[in-house]
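One structure below.
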Amino acid sequence: MESQNQTPNSNIIVNPTPTSSFPTNLIKKVRTNLVIHSKLAELNGAVGDLGTYVPLVLALTLAKDLNLGTTLIFTGIYNIISGTIYGLPMPVQPMKCIVAVALSSGPEFGVPEIMAAGICTGGVMLVLGVTGLMQLIYKLVPFSVVSGVQLAQGLSFALTALNYVEKIQKFPVSKSWEYRPWLGLDGLGLAISCAGVMILVDGVGKGVQQHGQSDHKIISTHETNNSDQLEKCGTKIRAHIRKFMAFLPTALVIFLFGIIVAFIKRPKVVSDIKFGPSSMRVVKFSRHAWKEGFVKGTIPQLPLTVLNSVISVCKLSSDLFPGKELSATLVSVMVGMMNIVGCWFGAMPSCHGAGGLAAHYKYGGRSGGCVALLGVAKLGLGLALGTSLVKILSQFPIGVLGVMLFFAGIELAMASRKLSSVEDSFVMLICTVVSLVGSDTVLGFVCGIFVHFLLRIRKFLE
């Protein structure tokens, strides 16, 4: 009888365990997504996307009085949430079309119009995600067309980066001025030297972590199987140099070097720094702001957001991280929520981007911990320095940022190389050429879709 009475009691004790499995699995999932495989590699990858982020944020801050402190706080939170949810080095970037419209327009397109454009874009992306339409679009778009968009975006980044390196930039007016001098703290020689170091250390774009693993195998093989050769001085030196280069976080080192140069260029910048966060206010919108924001900002930005921030990102994630293909629905909802929340407080309209993902990957980012570290840094700077940080960034050598952006663009362009047929390559190149010549990604996308279906009809008739 006692044993029979004990059985129900044991069942009662066991029953709560299924309900406790959800938080346990959630915590385990978060830990997995934020795991840092290599500290130096992830730190290096964290700064890989700053070549795109810094110039655009700096331009809006100087030209349109964007609240840099608020933007840093919100984009830092976005980075942390993105790393936690995706488990990949998912970037948080400015919405480039909205930035371009703001910089090319007069005072009639100010902060309220910029934020209205971001909220409207975010609202549409949220609807597309919740209704499942974004997932349908993602499945229907051919891979060759996505590759064409990626190639065009990557080459566009590279060409913009070369302009940063070659000419002096005036971000408040969004123009390039005279050619950059060879010598100086922001000269052409400094930028070329940084590019040479990155090519020498990083090679053709393999991540730091992969380099470290392969070099470790080489060294261990020499130690075990070719001990006689390791006794030679030259072989030992080369092995140690390879190991040093494998773990050298080039992007992080070059970015910190740029910060030092900024203080050297203008030592008095220290006195301009004010500690403490910037005041955060809710943006006041007028009917004119909503109209101008939607017509001039949302309409041109929306196609690029759908293509580059969702479709290209999901395709590229499956290419760079096999078995980790992202859901187009999740990415679309995330982009929507970022802007619906943050833009009300004056944070820059933000999205994800294939170029940023390629940049983080190129410099060693392999997990969500990479962008989470960047998010913590942004959040800390936003709370500690606020808008006064713009005083430092305005002195940062733009040529060095151009070098980082250039290699990120090349990495994105290289991701389009995996095509299975001549027809796919044909469609990709048509999409790329039209996008670049017309400076219109949407036009290139439409042409790519048109050519793809013409080729399908031709194949069917054969």
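Cβ coordinates come from backbone N, Cα and C, glycine included.
All TrEMBL annotations are machine predictions without curation.
Sequence-distant contacts of the transmembrane segment (66-86), counting only residues of its own chain at least 6 positions beyond either end whose CB sits under 8 Å from a CB of the stretch, comprise 30, 33-34, 57, 60, 92, 111, 114, 277-278, 280, 326, 330, 334, 338, 341-342, 345-348, 350, 352, 367-372, 374-383, 385-387, 389-390. Taken from TrEMBL, the feature transmembrane segment applies to 66-86 (among others).
Here TrEMBL flags 114-133 (among others) as transmembrane segment.
Taken from TrEMBL, the feature transmembrane segment applies to 140-162 (among others).
Sequence annotations record features per position, and here TrEMBL assigns transmembrane segment to 182-201 (among others). Tertiary proximity for the transmembrane segment (182-201) is limited to same-chain residues at least six positions away from its ends with a CB under 8 Å from its CB atoms, namely 165-166, 168, 245, 248, 250-251, 254, 257, 261, 264-265, 397-400, 402-403, 406-407.
Positions annotated as transmembrane segment by TrEMBL: 244-264 (among others).
The transmembrane segment annotation in TrEMBL covers 326-347 (among others). Same-chain residues lying 6 or more positions outside the transmembrane segment (326-347) and placing a CB less than 8 Å from one of its CB atoms are 66-67, 70-71, 73-75, 78, 81-82, 85-86, 88, 92, 111, 115-116, 118-119, 121-130, 132, 134-135, 137-138, 280-283, 305, 309-311, 313-314, 317-318.
What TrEMBL records for 368-390 (among others) is transmembrane segment.
TrEMBL lists 396-414 (among others) with the feature transmembrane segment. Same-chain residues lying 6+ beyond the ends of the transmembrane segment (396-414) with a Cβ under 8 Å from its Cβ atoms: 47-52, 54-55, 150-151, 153-165, 168-169, 180, 185-188, 190-191, 194-195, 198, 202, 205, 251, 254-255, 257-259, 261-262, 265, 316, 354-356, 358-359, 361-362.
Nonlocal intrachain contacts for the transmembrane segment (426-455), taken as residues 6+ away from its ends with a CB within less than 8 angstroms of a stretch CB, comprise 141-142, 144-145, 147-149, 151-153, 155-156, 303-304, 307-308, 416, 419. Under the heading transmembrane segment, TrEMBL lists 426-455 (among others).
Using a Cβ-Cβ cut-off under 8 Å and counting only residues 6 or more beyond its ends in the same chain, the transmembrane segment (368-390) has close neighbours at 33-36, 42-43, 45-47, 49, 58, 61-62, 67-73, 75-92, 272-278, 360.
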